[in-house]
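**Student:** Please see the structure below; I have some questions.
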Amino acid sequence: MCPLQIHVLHLIQGNQKNRKGKYVNMTRQLWYILPLLFLLCHCVTSERRCYFSKISKTCSHASKCLLKADCSDRNLTESPKFNESVVQIDLSNNSINVFPDLPRSLLVLDISRNPLKQFQKNAFARLQNLTTLSIVNNTYGLQPSNLTAGIFKGLTRLTYLDLRGSWNGTAYPEEVLSDLVSLNALRINGKQKGFGVLMRKIHALKRLDISGSEGDCKIDCLHAGYFQNVHGIQELNVSNCHLTNILEGTFSYITNLTHLDISYNEELSFNILRNISKDLKNTKIEVLKINKIHCTFGVGTQIYVSDLKDLQNTSLRELHANSNRLETIQSGVLMYLPKTLQHASVSDNKLTMGMYALETANLVNLKTYDMSLQFKSHDPRDIFSNCNDTRNGYIRNRRPHESEGEISVRKKLLNDQIYRWKDDQAFEVYQNTSNNNQHKLMFPFPSPFPVPLPQRLEIAYFNTSTLHYPLLKYRIGNNKIKEIYAQDNVFYDLQGPLENLEGLEILDLSNNFCTNLSTFFFDYLTGLKSVKLNHNILGFSLAKDEKGETFKNLLKLKHLEIKYNRIQVLPKKILRNLISLETLDLADNWLRKFKVDLKHIKGLRHIDLSNNQISELPPGVMRELDEIAKSSNLTVNLTGNSLLCNCENEHFLRWIVTSTIRFGFHGNDTCQTRFSKTGRVLMSQGNEFLLVLERNCRSYTAVIVLFSCVFVILLTVIVCGVVYRYRWKLRYLYYMTKGRYKGYSSLKTKSEEGDYEFDAFISYADEDRQFALHDMMKNVEREGNLKLCFHNRDFIPGFDIAVNITNAINNSRKTICVISSNYLNSYWCMYELNIGRMESIYSRNGEDVLFLVILENCSSSNIPFSVFDIIEKKSYIEYPNDTEGDIIFWRKLRDPISM
């Protein structure tokens, strides 16, 4: 963006913030803008090719804003024109061959990787404010002919100069550089010849980089006079310079040296360590980097006491010795390292276990220790690298430079270290003797096995080091360790517990082929905030923890990763006490169901269940997640699962659509359904598809149940009504059938001619027995010469009463019912009356069989409807209960019976 554009934009924004009406202050703004339009000519060209940005975000007035112009990688052949507000310009990676005319206000200039052919003598004369200049990898190279003496004379404020890959002279351009009296940092190609006396004029020089990292450095040997004229430097980088030797005294003049990097000089080897350490003991050294000073392939290397013993009285804070094929460290070396050491790195080596491991506790102020990437594979093409592995021999574990007195001191230090942990129990150490026999040496170590660590150690890297052990019960020495990275090893059994690690906050045990995680492994790791157990085989082990014992003490844990662990099922209580958990990552497992209890994890923010086999979440889990989402911005990642969108789990899709939880579905995430031609539907179309499910999955169960109930009720009412309506017929048919097919015999059987055995069956109540057995038997049976059936006399004992009644009525020509109040109140009397009715209807073809005798007057309210029906439709006779009436009564009674 052009500076004018930025300025106008600020004006408009300011006007919008302050205006109270449509045209307020418009005239004033126009008069304010017009004088600035002359800037347009200066940025017409550059605005098409450069990107401008403000250096300070707090700048509010465009005319006073300092700008940065990024014109890199624009294929420019000449520099654009810039106004004085531009103070930083990047013209790198273009095709500019003439040094441009730049604004006087310029502070920072990068014109690297351009084919600059010539510099005018006064090219930098007007850039008196310039503080930083980079001319890296100039295509044609800078020669004494085009970078002449005095060209930098006006750059009195320049503090940083980078000429790497550009200066092609055989020596350092001392005459050119000596004018830069304020120069603080110089980066230039390393030359065989050291720095001359003219460099002493640059008193401010503190940082010197002659490495070949981006430039070109070819120096065979560094000697005592190489840096004699730049003895004020504090930081020195001579890495990647093809060095083969560094002589004693090289750094002895640089008494203020704090940082030294001699890395990536593969032909140096550890032979030069003694020379370096001797020189550095008189300096202020704080950081020493000796990475890859051995070639890649070869036998393992060793560091001896004499290599580093002179460092013991220095102020060294950092020591880097990576990629040196380091296999072992002589006992006592670590004891000679200074107490000020805070960071040590020996990664990408081939360290084996040795007694030196016990000496790490002497590094009392060490905060960071990196021994990662042990036995790492390398590019086979490195076998062609030049090597200088010649190492002076040693006798009985000592260097030729090591005196007998030094050996005695080292052994005493070692013994003090071994006996530091005194205990009643003994720890056995096996040591091979010269005749290959094994002897047991007893040392007073406690059990469980002690692991000494530096007391102030905070971060330890053991990752990718081919450590092949079960983590059993260990007691860690006094420490302040907070982070342990032990991924990519073979800790196949996490048994534990690891005692005295209550302050540990981060633990990474990923990719360790671990198959077992005991329920007490984390018992003492109560301060953990982040645990990573990815790429293991813990699915079977975790599935057994039904009580949730594994993580029970991790009350402060915030981040838990268990990806790629072949987990098929997780117990409900597995996260029982993780009340502080914020992130749970279970991605890329074999989970089909997720029924873990989450209601106690109120601060949960992210759950990753991606790439499992989950079809839906249980209702209980959905309710718990919704409750958590009320107090936190919860995200649940369900991508890559076999989600179902059918009628059976319509509630799950509805929950996804309506919940406030973010699910992070991508554009191509789908769920399986039978309501789509493709068998899948995009999760992004969840709202629309939910309507499809509602339409296709509408339940008619309630309607069906309701109609079924109504139908059953109606059918029941109808059946009951029919049964009630024909109850006597059914009873009659039942007992007739029962008597016929169940072996019952009749009282008397009909004659072959169809005559009945009895002339009449007399139905009466027991209370009216006198009338029936005395009066009727005398006046009807005897005088009328008729045969009557009385139940007191003619029923066959042992048979059902109902069967006897049915048979008696069936074998009698008439049925005489003696009606009285007692008769109406008798169940069996009413039964006999109704069976008589059925007999006349169904067996006698409508013949008048039933005859009523009203023995006494009864209240109409007590007479059943069925009796009323008979009285209304059939003739009956009332008993007169007087002498004259009796004669007529008995005669009228005998007449219908005998008919």
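Using the three backbone atoms N, Cα and C, a Cβ is placed for every residue, glycine included.
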**Student:** For the candidates Asn93, Asn857, Asn881, I need the one that Swiss-Prot annotates as N-linked glycosylation site.
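**Tutor:** Annotation hit in Swiss-Prot: Asn93.
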**Student:** From the set Asn275, Asn810, which residue is assigned the annotation N-linked glycosylation site by Swiss-Prot?
**Tutor:** Asn275
**Student:** Can you check which of Asn129, Asn804 Swiss-Prot annotates as N-linked glycosylation site?
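**Tutor:** In Swiss-Prot, Asn129 carries the N-linked glycosylation site label; others show none in the record.
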**Student:** Taking 10 A as the limit, how many CB atoms besides its own sit near the CB of Asn256 (N-linked glycosylation site)?
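**Tutor:** So the number of other Cβ atoms within 10 Å of Asn256 (N-linked glycosylation site) is 13.
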**Student:** For Asn75 (N-linked glycosylation site), identify the closest of the glycosylation sites Asn83, Asn137, Asn146, Asn668, judging by Cα separation.
**Tutor:** Asn137
**Student:** Against which stretches of its own chain does the repeat 'LRR 13' (501-524) lie, if we need a Cβ under 8 Å and a gap of at least six residues from its ends?
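**Tutor:** Residues 463, 471, 476, 479-495, 530-538, 540-542, 545, 549-554, 561 contact the repeat 'LRR 13' (501-524) from elsewhere in the chain.
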**Student:** Hey, which bits of the same chain come close to the repeat 'LRR 17' (602-624), Cβ under 8 Å, at least six residues off its ends?
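**Tutor:** Result: 563, 579-596, 631-644, 649, 651-652, 655, 659.
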**Student:** Which site among Asn129, Asn137, Asn146, Asn168, Asn633 has the most other CB atoms no more than 10 Å from its CB, taking these as glycosylation sites?
**Tutor:** Asn137
**Student:** Residue counts in helix (H, G, I), strand (E, B) and coil for the repeat 'LRR 7' (230-253), per DSSP?
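**Tutor:** The counts are 1 helix, 5 strand, 18 coil.
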**Student:** Can you count helix, strand and coil residues in the repeat 'LRR 2' (104-126) using DSSP?
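**Tutor:** Per DSSP, the residues of the repeat 'LRR 2' (104-126) fall into 0 helix, 4 strand, 19 coil.
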**Student:** Using a 10 Å cut-off on Cβ-Cβ distances across all protein chains shown, tell me which of the glycosylation sites (Asn75, Asn83, Asn668) has the largest neighbour count.
**Tutor:** Asn83
